[in-house]
Amino acid sequence: MAEFWTICLLSIGMFIGCGLAGWIPLAFTLSQRKIQLFTIFGAGLLVGTALAVIIPEGVQTMYNTSPVEMISTQLALLSTVYVLTHQGIRPQPLNEYCCALVNSNNWHTVELCKTHKLTNQHTICESKQHTHTHAGGAHHAIGVSLLLGFVFMLLVDQFGGKVGTGRSQQPDQRSKGHTATIGLVVHAAADGVAMGAAASTDRSDLQFIVFLAIMLHKAPAAFGLVSFLVHEGLEPRKVKRHLLAFALAAPLLAIVTFVFLNQVGLNVMLQDYNATGVAMLFSAGTFLYVATVHVLPEVAQSASGPGKLGLCEVLVLVLGSLFPLILNLSHTH
């Protein structure tokens, strides 16, 4: 029960922090020039968050050693010591085989130990080849996840732009707002899954690190989203709805994930360990679409020169792009 209240407190903290960051552009009356600078800074935040935070986190999650692999390595090592000891093999080959097993990080090594009895080097080669196959699968999944996220937002944007009646400009603005919000909500949902999985462990330090990582790039993303929506001319009431959906996504998914893992069991999390990485990379694809197709062209169009940003605008855009990177360097995931 204590763990449940912990995830509830963390979820409330995520909601409040995200809401306060997104409320800043709405709480102050700014001139058109300041709104433009805030929009440019928000565009940089979106690009920097996608390239410097989401994609590295997704790739790291895809390639990180999962708990089941660490357990399998220990079981394989114990099995190897047992087999080699009872066969009277010398200590030097024992060390070589143990090192090879630790480097392989392979669940099937236990079965290979029992089958081949580790009598030749073929067992080690087979283990390494199997591990390389899993790594290759993760490598291809990175590109596929990014592409699917980009294509998904493209389809949402195309079909969303054709919905609605009235003036031709209004559906386009609604489509841009919905596209930006959906991309950020998908990323927030992936962060919620990560937070729920961390809360399912007994490590309070891990929970704090994951919470800090989420807040460091969730708050700038909320600020960038609201700045973009305000610049698009959405009513404050609708902007608050978008902000509410974005702020609730991560806390709700964190609680749902925590309850699911504690009800269904730990094996489900271990078997689908890379699902969080896939979701993060998918959301990174949506971020890239929103930033490159909508936000940056809109900023260039509203610039003082014909499609060219001034020196001040360029500096603000670069600062916004580097801001998530600077925050991300202050912690380790």
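Placement of Cβ uses the backbone N, Cα and C atoms for every residue, glycine included.
For 6-28 (among others), the entry in TrEMBL reads transmembrane segment. Sequence-distant neighbours of the transmembrane segment (6-28) (same chain, 6+ residues past either end, Cβ-Cβ under 8 Å): 35, 38, 195-196, 199, 207, 211, 214-215, 218-220, 222-223, 225-227, 230, 236, 239-240, 243-244, 246-248, 250-252, 254-255, 258.
Annotated transmembrane segment per TrEMBL: 35-55 (among others), in sequence order.
The feature transmembrane segment is assigned by TrEMBL to 137-156 (among others). Within its own chain, the transmembrane segment (137-156) is flanked in space by residues 55, 58-59, 62-63, 178-179, 182-183, 186, 274, 277-278, 281-290, 293, which lie at least six positions past its ends and keep a Cβ under 8 Å from the stretch.
Per TrEMBL, the feature transmembrane segment maps to 206-230 (among others).
Here the transmembrane segment (242-261) has long-range neighbours at 3-4, 7-8, 10-12, 14-15, 18-19, 22-23, 177, 181, 184-185, 188-193, 195-197, 199-200, 214, 218, 221-222, 225-226, 229, 234, 268-269, meaning same-chain residues at least 6 beyond its ends whose C-beta is under 8 angstroms from one of its own. Look at TrEMBL and you will find 242-261 (among others) tagged as transmembrane segment.
Taken from TrEMBL, the feature transmembrane segment applies to 273-297 (among others).
Sequence annotations record features per position, and here TrEMBL assigns transmembrane segment to 309-327 (among others).
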Contacting positions for the transmembrane segment (206-230) when only residues 6+ beyond its ends and CB under 8 Å are counted: 6, 10, 13-14, 17-26, 35, 38-39, 41-43, 45-46, 49, 53-54, 57, 177, 180-181, 184, 187-188, 191, 194-195, 198-199, 238-239, 242-243, 246-247, 250, 294-295, 298, 320, 323-324, 327-328, 330-333
